[in-house]
Amino acid sequence: MTRIAAAKEAGEENAAPQARRRLRGLYAPIPLAFLGLGVYRAWIEITFVGSFVSFPAFSLSTRDLFDFSAVAEMVLFVLLARRIGPLYTKRWPFALCATAMLASTVLLFASFFAPGLAESLGVVTSVAGGVGLGLIILIWSELYGCLNPIRVTLYYAASLVVGALIIYLYMGLKMPWLFVMTALLPIVSLASARKGFALLPEGERPQKAWVSISVPWKIILLMGFFAFSYGIVEANAYQGYFGPHSSPGTFAVSGVVLLGVLVKRDKFDFNTLCRIALPLTVVALFLISVLGFTDDYLSGFCVAGGYTAFSILIMVLCSNLCYRYGVSAIWLFGMERSLRLVFMFLGRCMYEYGSVITVGSVRGTTIASGIAILAVVMGTFFLLSQKELSSKWGASFLVGPEGNGEAVRKQELADRCELLAKRFGLTSRETEVLILLAQRKTVGMIERELYIANGTAKAHVRHVYQKFDIHSREELFDLLGVDGLQENVEAKNAG
């Protein structure tokens, strides 16, 4: 009995350290700089989209002007991406963005003191705000395009949580303090972006070299389905004091995704995002169209939650193309975000049109919601039909990129890794490890990149070696032809 009691006490003593180790295992060091994306999201809601402040200068028309000013600017940047990119190396995008967003904030709050000029101020502040929005989206897209999918998911979900918390805090501020603190948000976000670029190794920052690639139409189609359906039900995401970025649905879903990445790490299933977005959006559409709960908090929760899961997914897909193949983030995200705003606008127009018509005994809003449900279901099945997150999503490389040849090497190396991964039956996580190994990264660097334990990283490397039937990094480089790729790059640079 004494031995049994002693063993029991020893087990209890060991349980506490084990529990602490499990809790420490949930911790992942998230640099604060990468959470600055949530800061500018907070600015968007406080000023233009679902704000809890009743600005005299704000109306539905100024919201549309705000969106389309950003669309026009991003389309221009898409056309000029080859000449002006990357943005992080230049000062003028940061200066112009800060000036535009600060001016927009000042004029918006100034409308309280000059209500007679509210209409004119609304036009100017919307254009200035849209210009700032377009730039800050592209700047942050460049930064996130340098990260692997796990880090993008982790940082982006954490940023959404931070953005919501900032808005909750700002709701309790008096007007003078609200003005000052709102004006600081764009500055803090831009400073965070610059710090984020500085934290990246030189070789992982956006490159000047241009990769010529066709439009990844599958991502655009998927985004169109979800953005259009969200536009139809968007107004229902603004319930009471909550806007789209502070909605309990946004906070809850981003928190669940954040926790999921921290717990699962390299085993996180990205299809989970789609499995969250589909039921929440369908439930929201059902509540709105069939039961008529247009002002219900449950429908608002579902609308915001479904769109949050979708936005995380699209961010991961686009960032992965930039990260893996060196695609210009200005070109890809500028196109995706501008089209997303257009599709959302079309969805809003359809819902507004449906609210004033009936077809027989069927309300127009019911028809619009039915179309939205169909779009969401089609988008979901289209996504789930894709076997790999790392696919090119309908894009194809057209001609060799120009510049220093580094983008050529990155593209060809990723293609060779994908080809060998399929031939030898590597899992998606082992493929990620293979690409990092091919980039001459150590086990410690792989551990930090993928947020996995050192033992897990070593196990993945061992599995890759076993499946390839090799025993060293040199044999892996020979199999991939890494040295040959480097020689081609040097020859291109010399030429």
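Quick reminder: no glycine exception, Cβ is built from N, Cα and C everywhere.
According to TrEMBL:
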TRANSMEM  26-44  transmembrane segment
TRANSMEM  64-81  transmembrane segment
TRANSMEM  93-114  transmembrane segment
TRANSMEM  120-140  transmembrane segment
TRANSMEM  152-171  transmembrane segment
TRANSMEM  177-197  transmembrane segment
TRANSMEM  209-233  transmembrane segment
TRANSMEM  245-263  transmembrane segment
TRANSMEM  270-291  transmembrane segment
TRANSMEM  297-318  transmembrane segment
TRANSMEM  325-346  transmembrane segment
TRANSMEM  366-384  transmembrane segment
DOMAIN    419-484  domain 'HTH luxR-type'
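Taking Cβ pairs closer than 8 Å, the transmembrane segment (64-81) reaches residues 48, 122-123, 126-127, 129-131, 133-135, 137-138, 328, 330-331, 334-335, 337-338, 341-342, 344-345 in its own chain, all 6 or more past its ends.
DSSP labels the residues of the domain 'HTH luxR-type' (419-484) in these numbers: 51 helix, 0 strand, 15 coil. For the transmembrane segment (245-263), the list of distant contacts is 26-28, 41-42, 44-45, 49-50, 150, 153-154, 157-158, 160-161, 163-164, 167-168, 237, 239, 272-273, 276, 280, 297, 300-309, 312, 451: same-chain residues at least six beyond its ends, Cβ to Cβ under 8 Å.
Remote same-chain partners of the transmembrane segment (297-318), defined as residues 6 or more beyond its termini with a Cβ less than 8 Å from a stretch Cβ, comprise 141, 144-145, 149, 152-153, 156-157, 160, 219, 222-223, 226, 230, 233-234, 236-240, 242, 244, 247-250, 252-254, 257, 270, 273-274, 276-281, 283-284, 287-288, 329, 332-333, 336, 340, 376, 383, 389, 393. When Cβ-Cβ distances under 8 Å to the transmembrane segment (177-197) are tallied for each of 120-140, 152-171, 325-346, 366-384, the top count falls to 120-140.
Highlighted: of the candidate stretches 120-140, 152-171, 270-291, 366-384, 120-140 has the greatest count of Cβ pairs under 8 Å to the transmembrane segment (325-346).
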